[in-house]
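Features reported for this protein in TrEMBL:
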type	residues	note
DOMAIN	25-105	domain 'Magnesium transporter MgtE intracellular'
TRANSMEM	260-279	transmembrane segment
TRANSMEM	285-311	transmembrane segment
DOMAIN	292-414	domain 'SLC41A/MgtE integral membrane'
TRANSMEM	332-353	transmembrane segment
TRANSMEM	359-385	transmembrane segment
TRANSMEM	397-420	transmembrane segment
């Protein structure tokens, strides 16, 4: 049997392969020093495609010139077997550092650590510091973060290297140092971002179990983490895995998306069951069918608005356990007022359009009820999911849509049965 492809599919596949070929050619044309920056400039999908085309030796060469945190980002993409093979090709000291970082849990501060730093006591002289800087540069070829400590080893702050260049610094004691927050290597990256937002710190120190310094994280490098977290939340909100990419094959996209679509199908069928209970009402007042999507759609939209605010508030830590109930009450009030406004508008339109004041009354109350329901479920469901350690961005939307559809149809058709028959 011959397998036939649509012309558009072949064209898409051809373009897809050309992009991979061009990417590899551009990478191989770059110098050894440029290759790490080339890799770093790619998003996760294209970095993965490029790494799969490179040999272990080529990847090891690139990682030799990479910072440890950047190297870990690339190694994370590869299989465990291949990762181990590449680590064996690296210099022993580099390999050991990377193994340590890879041992930390995903999405924690430990995975972002850069080991480009030096520690120095506050009573050290300028000459002592210059010697340390020179030795570090000869070993790594990099300018380090300077962490100043007191005699007991307590971190006092960061000495910006430009201060050495611009000022006549003879001793470190008494110098004004930049703030240097300290976090544990186990801290979740989302909480790490929350800790940094609003501070003037340019560098964060990461410590181990014994409070020894593992390395530093530059706050500018957190922008990539923030972008990834926002993208992940956006995908979750739509019921999509972050693993999906625009150039994935149709079969892969189907596999990744179908799970939530099937769940959504069954929730939609539950709403259909509610509607089927009012066959007689719908057969006698056919115009009700025209307004059903209005009631359900407005409830769904209002619920999504509330959900977006709640998920954002929970993610940033703005919504605390103490303030949760006040937020729910606020969303209920907003739902009631929005229901009042939109219910009044649709009620007037229905009355003029169909010449039936009772239909307008039914729509008015149905809209009010559904928008209050949307505000309640949009606020309470994310809080419940958060309490049971389920990401609210993943599952909330299906529950809220189901609630607004079922209760919206139930309220609308029940009121219609009471007032119009």
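Heads up, the Cβ atoms here are built off N, Cα and C, so glycines get one too.
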### Message
If we skip the immediate neighbours and take only residues 6+ beyond the ends of the transmembrane segment (285-311), which ones have a Cβ under 8 Å from one of its Cβ atoms?
### Response
233, 237, 271, 275, 319, 327, 331, 334-335, 338, 342, 346, 350, 354, 359, 363, 366-367, 370-371, 373-375, 377-379, 381-383, 392-393, 396-397, 400-401, 403-405, 407-409, 411-413, 416, 420-421
### Summary
Averaging the pLDDT values of the domain 'Magnesium transporter MgtE intracellular' (25-105) gives 85
#### Entry: Same-chain residue ranges lying at least 6 outside the transmembrane segment (260-279) that approach it to Cβ under 8 Å
239-240, 292, 296, 398, 401-402, 405-406, 409-410, 413-414, 416-417
